Amino acid sequence: MDGFNSFLGALSAMVTSWAIIDVVWATLLGIVVGMLPGLTATLGVALMTTLTFKMGTDQAILILVCMYVGAIYGGSRSAILLNIPGTPANAATSLDGYPLARAGKAGSAMAIATTGSMFGGLVGMVALAFIAPVLAEFALSFGAYEFFWLAVFGVLVAGQLTSLDDPIKGWIAGFLGLFVAMIGREGIHGVPRFSYGSTDLAGGIGLLPAMVGAFGFAEILTVMRQEAYSVVHSRVDSIWGGIRESYKYKMTALRSGLIGTFMGLIPGVGEDMGSWASYAAARQASKNKDEFGKGSVEGLLAAETGNNAAVPGALIPVLTLGVPGSAPAAVLLAAMVIHGIRPGPLIMIESPDFVFSVVAMVFLATIAMGVLGLLLTRPLIMVLRVARERLMPIIFVLCTVGAFAIASRTFDVWIMVFFGIFGFVLRELKYPMAPLILGIVLGDILDKSLRRGLVLSDGDFGAFFVRPISMVLWVSALGFILLTMPSVRKMFTRLFNRDQADKQS
Amino acid sequence: MKFVQAFGAALALSTILAGTAIAAEYSWKPDKPVTIIVPWSAGGSTDSVTRVLAGELEDALGQTVVVVNQPGAAGSVGTTGAWEAPHDGMTWGAGAALDLGSYQVLGMLDVPLTDWEVYLHIANVAVVGANPDAGYADFGELLEAMKANPGEISVATAGVTSGGHNAMESIAQTAGVEYRHVSYDGGNPAVLATVSGETAITTQLASEQAEMIRAGRIIPLAVLSDKPLNIEGFGEVPSIKQWIPEIKTAANYFGIWVPKDSPPEVIETMNAIWADKIANSAAMKEYAGQRGAILDPSSGDAAVAAAMPALTQNVWLMFDGGKTENDPADFGFERP
Amino acid sequence: MKPTQMDRLDFVSSIVLTIFGIAILVESLRMPRLENLKVNQFTVPGIVPGVLGLLLAVCGFAILVRSVKRGGWRLGITGQDTAAWVTSAPVQRSAATLGLTLLYALVLFPHVPFNFSTPLFVFAFVVTAEAMALGRWPKWQAMVTGLILAVLAGLIIGYVFQQLFFVRLPGG
């Protein structure tokens, strides 16, 4: 219980009235950043790094951690209320959160998301406090082969889950996303692909402008096309009901928390895969598989627990290896370096106090996120009462400014518009958007890992199949897809039943 | 509107407020936040050093300095952005002088190094680092192994335009050895691949390896500089000249820049800040010391002169290695 | 079996998709192989895009076959239907939305000062959309509400991005 005492010590040293004020405003700003399409955790943390430059180390890192935790959570709000995930990590949240909101259960949905996020944050925090060095070694065992399978797994599973009655369309959306990631100068030989002499295209298609377009602008077009769009009056008192309901699925929450923490460890995929993998696992384990995508409490809980558990998960390699598990964690790492902390394998020996300070920071941020999140639920439900004629132009302005704000490039506004129209057409044709966005996230990883793996193995494809973790990944990707195909599942059930029959006889 | 702006300024100030700076009397007083475009993603080595620098410049200018990340295409997208912004001193570029000068030869941005007013701060050197289990006691053993098994030993770098690849190419071309090049998304991932044993060797910058060297997860075999390198908490890394005396080494300088035709008061002010503040900056010194880098600020012609050796070497290595079809001689680079 | 609307849409879109996949494959094969650089043959830039193009073409073709089996090739387009479709309320609303949003994102936002272009866009959108919903111009009270909303949106969004997030918005 040495660790627990260190944590309490760090916590009591940190809790001063000034620190509480910092926690409140930084978390609140984080939630706002997360909610606005186009402003993401990465941008928020990067901005705060500059603004907190002259503060003391603990104060500055505390503000950054709050910003990070708040932003990842805040993205769930717009995903639930508007079907527009605030950050890419919330794409799975909208699958069940938005149907719940349209059914008048927005308060309950937001409460479920808040409970899940808090619980996820705490699971990740425990891992960070007690087994960080062990987990860091696990992260090191992810090489080119494992990354390749993880990317394949992600796209196939997301494609399948978002288009259950017609998985081929989900996969196509995923492949299209992977293709979008191919545009631009590739990272191994520096050859421009699909650029046709344009500097802007050679720079690649930005994930965030594409996401803001495919989710935000496309949603505006979809809503405006609908015959009738009724405003929703939600029952506010359902907030406590939501919390109680989350409690029923404590196993789902625990599983998602663990998966999220593990995914957070792995550099580059962080929160996005944390929520998708949790969502997939929850569906696989659920008794009510059919509800997924139509307003499943379990699905919403899993997605939100998974992505917030990935936050402390992503901090583990930051602290113990000096390598970030996600894009916002990369900025946080830079901030630590600026403030004279040397994250790396020696941190546990050289400054163990700092590790526990970070644990305490995550704890404070998670609590603040939960409290603020529940307080904000009531005013935010009002968004659903605004007529589309008034709400949509404002969201479009946010999409435009948000797309531009990421890198101050007008080209990104064009990308937003293109993906909005393209996404609208694809949606009308019943292609899901989420695998497209996940494909853009994973495309670069997939491309480089495959080619890097082939360099390392000198062209031997067999090397991709034999290492233990790659084996787990490709077997589960294959198994997952086979199990979701109705004919295969029937066969399995029959086999299983016969087994039981044999045993009984 | 006035009120809203004043209120905004007050609010922004109150959030920033931690140590108020008193601006010295410089001729250039920006009335809006100054932007530095970092053409790499947030969290990388250019990003973190530029954020330290931005803090120092904020003190000196008495104005907010915002760091914007515009990654893509080996840094050429962001650098193009900095060039295409109005030449009014409000938008700066950042990065390694080596990259800035190479874009023209690589056909990425048709602006020579001499069209920029360059302000350099820290110098970084490449280190040959090995995974401890790879079993190389010193650089000599590695050279022997590379000669015995041409193209078998894997070397991790941050890609073909990186300082790490530049270093390995010059070793290979000078010593006449072959290696298996494995490129990663950045210096840190390349170093990590060597730590995990996916590759045997990395030739990335000292700053990117420093922590792993201290922890004993990477054995530094040699440094690509004329003098040995001292890494805090580890000790001395021998110079590569001990094994390959004829190798040419050049330090890799990082800095910020504006187009040369920016208003004269901007350049005048920045020259003064560089001489008074950056040269004596405790924060920059501390940052450099921890990362195995050297604070060596220069501006104007001195900066161009400092950047040239590594730049010239780099463009010729790329041309000889077939990475570009443009002849560096056409752009005024003499073969070293 | 009578084809559904989706079968017809699938028929058309899968043809586009298959051609697109093949085009990607062809473009990938045309990418530099970098033979002169002695690079490992498995690391050529075209390998992953090529496989993706192939996968897209195969998947597109699978949908094409399925839609043909279901009779989706009988597009059944008649002049009358098309005219009815074009004048239907959802299509007209979509067209108006698209026109206004594109005008804002591509013309007003990059070239006109934010504090002017944004209220203008929001106001125009609110009035147009409400007029289409009602089938007449909205009452002056609704107009005033729209105007207040437009001005507030412009001020607040402009403030948040410019003052809090230090984004230099285009358009002067």
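Each residue, glycine too, has its Cβ placed from N, Cα and C.
Predicted automatically and left uncurated, TrEMBL annotations should be read as such.
Feature annotation from TrEMBL assigns domain 'DUF112' to A:23-438.
Feature annotation from TrEMBL assigns transmembrane segment to A:6-25 (among others).
The annotation transmembrane segment is assigned in TrEMBL to A:32-53 (among others). When Cβ-Cβ distances below 8 Å are used as the criterion, the transmembrane segment (A:32-53) is approached by residues 26, 59-60, 63-64, 67-68, 70-78, 84, 86-90, 208-209, 211-212, 215-216, 271, 327-328, 330-332, 334-335, 338, 395, 398-399, 401-403, 405-406 of the same chain, each at least six residues removed from its ends.
Tertiary neighbourhood of the transmembrane segment (A:59-76): same-chain residues 14, 18-19, 22-23, 26-35, 39-41, 44-45, 48-49, 52-53, 85-87, 89-90, 93, 97, 110, 113-114, 117, 121, 271, 304, 307-308, 310-311, 328-329, 331-332, 335-336, 339, 341, 357-358, 361-362, 364-366, 368-369, 372-373, selected by CB-CB distance under 8 Å and a gap of 6+ residues from either end. Here TrEMBL flags A:59-76 (among others) as transmembrane segment.
The feature transmembrane segment is assigned by TrEMBL to A:109-132 (among others).
Summarising the annotation, TrEMBL assigns transmembrane segment to A:138-158 (among others). Listed as Cβ neighbours of the transmembrane segment (A:138-158) (distance under 8 Å, sequence separation of 6 or more from its ends, same chain) are residues 92, 170-171, 174-175, 177-178, 262, 265-269, 272-273, 276-277, 280, 316-317, 321, 323, 325, 434-435, 438-439, 442-443, 445-446, 448-450, 452-453, 456, 463-464, 467, 469-470, 473-474, 476-477, 480-481.
Per TrEMBL, transmembrane segment is recorded for A:170-189 (among others).
Taken from TrEMBL, the feature transmembrane segment applies to A:201-221 (among others).
Here the transmembrane segment (A:318-342) has long-range neighbours at 40-42, 44-46, 49, 52-53, 57, 60-61, 64-65, 68, 71-72, 128, 132-133, 136, 139-140, 264-271, 310, 348, 350-351, 354-355, 358, meaning same-chain residues at least 6 beyond its ends whose C-beta is under 8 angstroms from one of its own. Look at TrEMBL and you will find A:318-342 (among others) tagged as transmembrane segment.
Residues or ranges marked as transmembrane segment by TrEMBL: A:354-375 (among others).
If you look up TrEMBL, you'll see A:395-426 (among others) marked as transmembrane segment.
The feature transmembrane segment is assigned by TrEMBL to A:464-485 (among others). With a threshold of 8 Å between CB atoms, the same-chain residues lying at least 6 positions outside the transmembrane segment (A:464-485) that come near it are 141-143, 145-146, 148-150, 152-153, 156-157, 160, 164, 167, 280, 284, 453, 457, 492.
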